[in-house]
Every structure is written in structure tokens, then in C-alpha cells.
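Asks: Found this in Swiss-Prot, in case it helps:
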BINDING   C34, C38, C41  [4Fe-4S] cluster binding site
DOMAIN    19-249  domain 'Radical SAM core'
Amino acid sequence: MNSKIEIIKIKAKKPINPTKIPGAKYVINQYIGCQYACKYCYARFMCKWYNYGKWGSWVVVKENLPDLIKNKHIKGKIYMSSVSDAYRPIEKDFKLTRNILKNIDKRAELSILTKSDLVLRDMDLFKKFSSIEVGLTINNFEGNLKKDIEPFSPSNEKRIDALKTLYENGIKNYAFISPIIPDLIDVEYIIGETKPFTNFYYFEFLNLKASREFKHYLEQNYPESYEIISNKTAFKRYIDEVINTIKKKDIAIKGICVH
């Protein structure tokens with residue numbers, strides 16, 4: 001865990017915002033910013049509006065959001081969260097996510113995505129919703145690679161175990177395989193590891209617009225990967241090959257995101 005985090009507490013004006021995320025009508029972001037400090041994160045663009053320093057060094061906490069959403073019946077799918085992780089380490093103390101789940105009208109159609117096994121804490125509340133799906137972002141970053149680009153996130157082993165536990169407890173789950181990067185992600189391996197206990201899958205290829213810092217990192221440390229992503233023709237060929245591979249698998253695919 002990144003202990004050097006600046007916490008900024010604010011009062012939110014409204015609990016949800018409209019979104020263009022496919023399949024969702026609204027997003028809820030009880031936190032903005034992230035302790036995981038992933039080098040490839042697309043949400044770094046939030047630094048334009050929240051100028052508190054380097055991405056990964058601060059988190060905005062909307063401390064009144066559970067009260068704003070209390071007993072509200074929101075029609076349309078809600079995605080939690082688009083510029084944050086609902087189960088980052090400080091959630092253990094603030095419990096915003098848990099209190100939102102307690103307060104929101106349980107008829108809400110909710111989709112949660114996280115990288116943390118802390119999500120298992122709230123299984124009792126998940127079971128009260130009429131429509132809920134809970135996803136874990138899975139990749140096979142490990143060793144020095146994970147230390148470099150996902151320094152403070154839970155291990156993939158913990159995420160996969162959490163995915164399995166959700167499934168065993170009757171909670172609809174999904175694996176969000178991301179970011180898919182040439183030579184660094186083994187999509188077939190991840191599917192093989194998770195298929196027996198995963199209801200459906202999303203796949204996301206690396207967002208090249210997300211971080212110049214990350215592209216530079218790949219260029220310096222993984223030149224073969226960089227050579228592919230920096231060449232439009234080569235990257236498209238790689239994407240097509242991966243898509244063809246996953247479509248041959250006997251799995252439910254809800255979405256494939258190519259930026």
C-alpha cells in the first residue's frame with residue numbers, strides 16, 4: 001500500500017453523473033484519484049481538474065455521498081467507479097462504498113469493478129440487490145513488471161481468488177482483462193485460470209492515449225512491446241489476432257474495448 005497519500009475531503013453536489021460508458025447510464029465516483037498508481041491508467045486525465053500532484057499521490061473523498069444517495073431509486077445501470085477504485089485501501093477506514101451500498105435503493109442496477117479483494121467484505125450487501133454484477137480487473141503482471149506499473153494494487157492471485165469466492169456465493173461476477181499489451185499479457189492463460197468460476201468477460205486493449213509516461217516506460221524496458229503498439233498496422237494485427245483467439249473460447253463475452 002502507498003502510505004504517502006494526500007487525502008482531500010469534499011462535499012459532493014450530486015451522487016451520480018451521466019456516462020458514455022457502454023451499457024451504463026450513470027457513474028458513481030465516491031473517490032477520485034487512486035492509491036494504486038498504475039502507470040497505464042486512463043483516469044490520469046482527472047489531474048486536469050484536480051491538481052493535487054502526481055497521479056497516485058492523492059485521493060479525493062466525497063464524504064457526503066452516502067447521504068446524497070440514500071433511498072434514491074435510480075433507473076438505469078450504474079457503474080462504480082469510472083475514475084477510481086471503490087475498494088482502494090482507504091475504503092477500510094472511510095467505508096464510503098459500504099455505506100453507499102447500504103443506503104441506495106436495492107432496485108438499482110449496479111455494476112462494480114475493482115482490483116481489490118476487499119470487495120468480499122460487502123458480499124452480504126450484494127445479495128440484497130435485485131440486479132448486481134461485480135468484476136475484478138485481471139492481468140498477469142507479476143514480479144518487477146507489476147512492481148513497476150501496478151506498484152500498490154493487490155496481487156492477481158488475490159483478485160482471482162476473490163472472483164472465485166464471489167461465484168461460489170452466488171454473486172454474478174466478471175473478469176475484466178486489462179490492459180492487454182503485446183508480450184506482457186497472456187489472455188489465453190488468464191481465461192484458463194478463471195473460466196470455471198467466471199460468469200462473463202470484458203477485454204480491454206491498452207489505451208495509447210492514457211499515459212506518455214507508460215509509453216516511454218515500454219520503450220525503455222520492453223522495446224518489442226513498444227514496437228508493436230507504436231506501429232498502427234502492427235498493433236491492429238495484434239488486436240485482431242487476440243480477438244480471433246478469444247472468440248474461439250467457450251466463454252460469455254460482454255465487451256471488447258479497443259481505443
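Heads up, the Cβ atoms here are built off N, Cα and C, so glycines get one too.
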Asks: Report, as a single number, how many Cβ atoms besides its own are within 10 Å of the Cβ of C34 ([4Fe-4S] cluster binding site).
Replies: 26
Asks: For the binding-site residues listed here (C38, C41), which one has the lowest count of neighbouring CB atoms within 10 Å of its own CB?
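Replies: Taking C38, C41 as the binding-site residues, the minimal 10 Å Cβ count falls on C41.
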Asks: I want to verify one value. Collapsing DSSP to three states, which class is C41 ([4Fe-4S] cluster binding site)?
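Replies: In three-state terms, C41 ([4Fe-4S] cluster binding site) counts as coil.
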